Structure formats: C-alpha cells, structure tokens
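These notes are about the structure you will find just below.
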Amino acid sequence: MLREEAAQKRKGKESGMALPQGRLTFRDVAIEFSLAEWKFLNPAQRALYREVMLENYRNLEAVDISSKHMMKEVLSTGQGNREVIHTGTLQRHQSYHIGDFCFQEIEKEIHNIEFQCQEDERNGHEAPTTKIKKLTGSTDQHDHRHAGNKPIKDQLGSSFYSHLPELHIFQIKGEIANQLEKSTSDASSVSTSQRISCRPQIHISNNYGNNPLNSSLLPQKQEVHMREKSFPCNESGKAFNCSSLLRKHQIPHLGDKQYKCDVCGKLFNHKQYLACHRRCHTGEKPYKCKECGKSFSYKSSLTCHHRLHTGVKPYKCNECGKVFRQNSALVIHKAIHTGEKPYKCNECGKAFNQQSHLSRHQRLHTGVKPYKCKICEKAFACHSYLANHTRIHSGEKTYKCNECGKAFNHQSSLARHHILHTGEKPYKCEECDKVFSQKSTLERHKRIHTGEKPYKCKVCDTAFTCNSQLARHRRIHTGEKTYKCNECRKTFSRRSSLLCHRRLHSGEKPYKCNQCGNTFRHRASLVYHRRLHTLEKSYKCTVCNKVFMRNSVLAVHTRIHTAKKPYKCNECGKAFNQQSHLSRHRRLHTGEKPYKCEACDKVFGQKSALESHKRIHTGEKPYRCQVCDTAFTWNSQLARHTRIHTGEKTYKCNECGKTFSYKSSLVWHRRLHGGEKSYKCKVCDKAFVCRSYVAKHTRIHSGMKPYKCNECSKTFSNRSSLVCHRRIHSGEKPYKCSECSKTFSQKATLLCHRRLHSGEKPYKCNDCGNTFRHWSSLVYHRRLHTGEKSYKCTVCDKAFVRNSYLARHIRIHTAEKPYKCNECGKAFNEQSHLSRHHRIHTGEKPYKCEACDKVFSRKSHLKRHRIIHTGEKPYKCNECGKAFSDRSTLIHHQAIHGIGKFD
C-alpha cells in the first residue's frame, strides 16, 4: 500500500501536476487521539503510543517517502541547498498538544535524521538537499505554546504571515509573499469545523518561472486542504483518510484481541500492549531514576517520579488553583467540582468518577484478588495495596516530612501527617458542622447520620459502615492472624494491633497530651484522655439521653436498655454484654492471672487491675478534679467524685423511687428490699449484702491488717480505713457541705451531715417503726430488740452492741488516750471528746435552738434545752409512773424508791 502511493506521487511530479490530495504523509500513518480519548490513557499506554509512532516513522523511512512528509514542497529551479521548516508540522504540533505528551517527544528521536530528495528523473537535475532542523519550529515558539500564547493559528490565518520570520522561512520573494498573504487572509474565513478537519500543506514555491505559488493554496479550492477519506468502515459507515485510523476504529467492532498473555491469559489489541503488560509478571524495570536509584517499568512513570525531586507540578485546576504532578490527577480532581461519576456498578448501583475505582470496587463483589505477595503469598484486590504491603517486608520509607524529618512508606500517610503540622481540616459535615482532615473520614462520619451500612458479611449477614470493619470482622470467621511479633511470636489479626503491641517491648509512648504532659501508646487513648480536660461527651444515648466520651462505651450502655448479652461462657452458660467481661470471667474457671506486679510479685487477672495496683507503689494520682483539685488514683474514682459536685444521681430504685449516684449503691440498696444476703462468711456463716463486706469481715477472723500508715505505723484491715486515717495527719477535709460550708474528711460523713439539713431519715426499724439517718444507727437499734452484743472484750469478757463501744472500752484497760489537744496538751480516749474539748478554747457553739436562738457547745445540751420549749418528759419512773424532762432528774427520783444508779 505504502509503495503504491509513493509511486503515484512520483508519477504526479513527472506529469508536472500538483501533488494529489491524498498523498501519504507521516500524519496518515499516525494514530491520533482526541483530548477526551487521551485523558483515559494511563502512563503505560501513553508510553506505548510513543513507541508505535516511532515505529511508524521508521516504516515510512524504509519506503523512502519520509522526505515528502517532513519537508515543505520545494519546487526547485536548481538553486543551492537551503534549510526550511515545515510550518504545517508546527501547526499540527500545536494543535495536538494533549496532556503531558506532545509530538515534541517523538521529534526528539528523529530531528537529526537527514533526508535526501532526488530531483525528478525526467528533468535530470539534482534536487537541492533539504535538512530538517526541527519538526516543530523553534523552541521559543514551542515554549510560547506551553505558556498559553498562540502566535500561530491552527489554520492559515492573519497571524501566520506575521510570524513567518520566527519560523525561519528564508528567501521568500515579494510576489510569493503577496500571494501567501492573500491566501492566508482568505483562509481566515474558513469555519472552525473546517479548520479542525483540514490538514493544510503549505507549498512555498522557489520557482522563477511561470509556476508561482501552487493554486492549491486558494481557499475556493478547499478540497486541497481536505484529505480524501478513502478508507470506509463497513460496520458503521464512517470513513478515514488512512488505514491505521480505520484499523484503530475497527477494533471495537471486531473485538479482535489477538495477543494473549501466557501467564494470566489476558488479551490485548496490540503487541506493544502485551509487551508492556508482561513487565508486571517479570518485574522488569528498565527505567531508573538518577536521583534516588528507583526503577520503573515505564518511562512515563519515571517522568512523573522525577517531579517528586524537582517539585514541578505543571497541571493546574482552573477552579481552585490547585496544582498536580500528573494530568490524570488533575482530571480526577476536576470531577470533584463537576460531581460527575460516569462509572456505575451493575451490582449495587454505586457510581465512581474513575474507571479504576469501579474495577477495584467490583472485586468486592467477586472476591477476586489478582495481586499476590511473593514473600508471604498474601493476595490483594489492587496493585497499589500490594505495593504498600511490600514495604512492610522491605521496611522502605520513601516519603519524608520536611517539617520534622519523619519518614513514611505511603504518600497518603505523609499527606495525613502534614495535616498535624498545619492543623487543616477542610472537610465539613453539613449535618453537625464537625470538621475533618480527610475526605474519607467525612464520608465515614456521614454514615452515622444516614445509618448506612453498605458492607455486609456473607457468612453472618452483619453489616458495617466501613470496608475496613468488614475486613476485620471476616477474620473472626477465618481465624486468620497474619501479623506476627518478632519479639514474642504473638500473632494478631490486625496490623494496627501488632504496631501497638510492639510498643510494649520498646516502651514507646508517642502520643503526648499538651495539657498535662501524659504520654500514651495509642492515639485513641490520647483522644479519650483529652476529653477528661475538656469534659467533652460526644456520644448520646437516644433512650435516656445520657452522654459518653467514647462510642464503644455508648454501645455497651445501649445493651442496658436492650438487655442484650451476646457473649456467653461455654463453661457455666453465664452471658455478658461485653467481650472483656467474658474474658475476665473465663479466668475464674481457669484461675489464670497473667499480670504480675514487678514490685511485690502480686498477680492479677486483669491488666487494668495491675495498672491500678502499681499506683499504690508509685503514689501516682493522675486523675484530678477540675472543681476542687482533688487527685485520684483511678478514673472511676474521679467520675464518682465528680457527681458530688454535680449532684447527679442517675440510678433509681424501682421499689421506693430512691436515686443513687452509683450503680453499685443501687444494687446494694435493692437487697434491702429483697432481704437478700448472697455472700456468706465461711467461718461464722454470717451473711452479707456485698462481696466486699465479706472480704472485710473475714479479716476479723484472720486478724490480717495489710494496710499500714507510714506516719504512725498503725495498721488497718481495709484500704479505705487507711485513706481516712491519713487525713488525720494531713488535716485534709475534701468534702464540703454546700449548705453550711462545713468540711469533712469522709464522704460518708458528709452524706450523713446533709440529712441534718434535709431532715431525711431513710432507715426504718420494722419492729417499732423508728427511723434513722444512718444505716449503722439502724443496725445498732435492731440489736436492742434482739439483745445481740456481738463485740466482746478479750480482757473482761464484757460485750457491746457496737464495735466503736468495744474500742472505747479497751482504752479503759490500756489507759490509751490517743487524742491530744494542741492548745493545753490534755489527752482523750475518744475523738468526740477532743472535739468537744476544742470548743472550750475556741468558744464555738455550733448548736442553736430554733425557738429562742440560744446556742450550745454540745448537741446533748441543745436536746435537753428543747424540752423546755416542748414540755416533753421522755424519762418515766417504772415504779410510780412519774415523768421527767431529763434523765438525771429521773435517777435522782428513783433514789426515793430505793433504786440505786447501777441497780
């Protein structure tokens, strides 16, 4: 075909005619793409396109017609050699700039090739030799084109003639120039559609004879500019001006995929595509970066990579001004502004703005994972996932932060890290105005509002908000644990769990609180900790409106309303609403206590219990109340303490309507109604409402007092008793009454004191109906009915109703007076006696009569005084029935009957 057309052209010259309209040029065998088509080519396909163009050019050279495509038609008269530029090539070069590729790339390969034109054999003269310096004109004009300047129109227009000197067209005679100017001005009237379809071949004559410019330049013969379309498609009826374009067009009709990959069986339209594809299997990377030594399979990938070193981002978005290294990235970015998502999944209807995203998404439905790791044989749905995974084995971290020098193995990780320095959060939720640093996080957050859970497990039908959650969930069914610790060989189902676990070995705590300086191993722990400073509670229960700091805590709380207990013990059948509770419960059966204290070798079944225990040795109290500055060892203590200030009582008894600040208090209170005492002492069979009471009671039998005061070496059976005792030395009274501002060293004392203001007496005797402010008072009162005296003196065998009475009695034998007055040095055997004595020095009289405003230093004096106002005579003589207002008068009266004081 090519040789036949070349022969026709030689015949045309022999007959002295103008070149035929359909003469073969490099354009005729070039495969050209529209801008829209070019955008869909990936870097590998663009590199392949370049190679095909060069191969076509070499074929033209082989049939000896390349000079007719490259140079201007020179109608020679035998004058010497001259250098010319094919302006049509320049115009086409400028018209076909597409993305980051242009014919300049091809021109670099062939611009030094010299062509020899032989004179027509009929004339017998040697034609002048033309050397093609550059296919595309000067580099200045090429740069102007990239800069946005358009000095030369795509067709023959008014600006063409004005730029002839820039195109290096030499020795143009005035007559020729005039005709050329006329032709260009006439050609400017050609319509836009005609300009696109026309391929002008500018013929500048050098003849001194009767052959000035060829008449083919005249606009009225526009068919000269129009190629003959002599290659029709039988399927669609569309015609093309060269066979290569026809072959390209026919591929979709024919479905001809004749080149097959021997490894994976994939089919390709072109041999060159297959050659590029094979590099995926062979791992061949012939293109190497001189800066960092990294290799690439395709030259276009190397070109893009170079921009990482140079920082060049030549592609700019006209909407927002954002710049990109690759044109494909710009095209993808533009879809954000347009909102266009042309690629739709036939399975679920989800739409995407990229074909690659659709292909990747479809693998979720098919489960195909074509990319396999050669080291651990793990398979992935995307090649990029495999590339990221490979860096785990190699330890490569190619992306470095310019701010802090930290390196990352993914570009996305570096981009995420940069946001920590900038604090930028450009993505905002329209529902709740919450802002996010990543778009994916915003999309995930939106599902909280919509309730959408698009990812469903095929085994158990559980639905999830995120694909990562589904992937993690699948490992529950498969039992897969692919991540292994090199230190202790422990395996994990998540990579994040492995990374966190490694910090146990390294001791690394990379997350630091800016408020208090505390460091944490996990970012989630830091986020949760920050809420302690801000008191932020973002998660709200829709049933009771209670708010929580963590979503996981809300999920656990919701099960209180639903009574759902999904975690069941296989040993005893007991069910739990939390996985951690089940794990903890299992250790009761196994007796396992894996957590050991390095200070005292004590072992614990829970890690949290060990962490709490360690603070006994260190004295650390990291949890501080922002209201009164009291510090606590545990967060639960701080949470409980906070309710003192807020007065919050969220737990309500369904029997009597009483409310409590703590759930444990409600559970304990319910047993009062039921009379339930589930916990029994193994020594004396005494039953108790709470397990902790049994533990305390057991120490009476064993005599164990493990808690010792560092100040006075006094020991206690309960830790709470030691804490209360320490306040005697420190003088600390952290509990304050909001009514009278009186302070107390114990919370229980404050609660009892509050009942003085409220008049509340919640404890009632079932035998006589008497009510009491304190539970201990009721217990003591019941012994009056039963006659029980549980506390016996080991010296004189005297028994007492209360333990405090026994303790006081023992001091008679020991003569101990531990309570000493700082003012006068007088000592007392009871704290109450010392308090009463202090009032002598201070003159304090805290007890006031509401009737006459008289004040007293003792409560007993106030009670005796009140009888004057009420006329009450509670003390009655059993002999004669006479009543008296005070007990001393009754005793004096009884002497008349011969009754002594101790009878």
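We number each residue from 1, going along the chain as drawn.
Heads up, the Cβ atoms here are built off N, Cα and C, so glycines get one too.
As annotated by Swiss-Prot, SUMO2 cross-link applies to Lys173, with the evidence given as a large-scale study or a structure entry.
Note on the domain 'KRAB' (24-98): mean pLDDT across this stretch is 53. Summarising the annotation, Swiss-Prot assigns domain 'KRAB' to 24-98 and lists sequence analysis as the type of evidence.
Sequence annotations record features per position, and here Swiss-Prot assigns region 'Disordered' to 121-154.
Swiss-Prot lists 231-253 (among others) with the feature zinc finger.
Residues annotated as zinc finger in Swiss-Prot, with sequence analysis given as evidence: 259-281 (among others). Helix, strand and coil residue tallies for the zinc finger (259-281), in that order: 11 helix, 4 strand, 8 coil [DSSP].
Marked as zinc finger by Swiss-Prot on the basis of sequence analysis: 287-309 (among others). For the zinc finger (287-309), the DSSP counts in helix, strand and coil order read 11 helix, 4 strand, 8 coil.
As annotated by Swiss-Prot, zinc finger applies to 371-393 (among others). Remote same-chain residues near the zinc finger (371-393) are listed as 360, 363-364, 409-410, 482, 495 (criterion: CB distance under 8 Å, separation of at least six residues from the stretch ends).
Non-local neighbours of the zinc finger (455-477) in the same chain are 364, 444, 447-448, 493-494; each lies 6+ residues outside the stretch with a CB under 8 Å from one of its CB atoms. The feature zinc finger is assigned by Swiss-Prot to 455-477 (among others).
Nonlocal intrachain contacts for the zinc finger (539-561), taken as residues 6+ away from its ends with a CB within less than 8 angstroms of a stretch CB, comprise 528, 531-532, 577-578, 650. Marked as zinc finger by Swiss-Prot on the basis of sequence analysis: 539-561 (among others).
As annotated by Swiss-Prot, zinc finger applies to 595-617 (among others).
Residue counts of the zinc finger (707-729) by helix, strand and coil are 11 helix, 4 strand, 8 coil (DSSP-based). If you look up Swiss-Prot, you'll see 707-729 (among others) marked as zinc finger, on the strength of sequence analysis.
The zinc finger annotation in Swiss-Prot covers 763-785 (among others) and rests on sequence analysis.
Long-range contacts of the zinc finger (791-813) within the same chain: residues 776, 780, 783-784, 829-830, each at least 6 residues beyond the stretch ends and with a Cβ under 8 Å from a Cβ of the stretch. Marked as zinc finger by Swiss-Prot: 791-813 (among others).
Each residue of the zinc finger (847-869) gets a DSSP state, and the totals for helix, strand and coil are 11 helix, 4 strand, 8 coil. The annotation zinc finger is assigned in Swiss-Prot to 847-869 (among others) on the grounds of sequence analysis.
Nonlocal intrachain contacts for the zinc finger (875-897), taken as residues 6+ away from its ends with a CB within less than 8 angstroms of a stretch CB, comprise 864, 867-868. Residues annotated as zinc finger in Swiss-Prot: 875-897 (among others).
In the zinc finger (595-617), helix, strand and coil residues by DSSP number 11 helix, 4 strand, 8 coil.
For the zinc finger (595-617), the list of distant contacts is 584, 587-588, 633-634: same-chain residues at least six beyond its ends, Cβ to Cβ under 8 Å. Through the fold, the zinc finger (259-281) approaches residues 44-45, 47-48, 51-52, 251, 297-298, 370 of its own chain, all at least 6 residues removed from its boundaries and within a Cβ separation under 8 Å. If you look at the zinc finger (707-729), the same-chain residues 6 or more away from its ends with a CB under 8 A from one of its CBs are 696, 699-700, 745-746. Residue counts for the zinc finger (763-785) by DSSP state, with H, G and I taken as helix and E and B as strand, are 11 helix, 4 strand, 8 coil.
Shown for the zinc finger (791-813): DSSP residue counts in helix, strand and coil, namely 11 helix, 4 strand, 8 coil.
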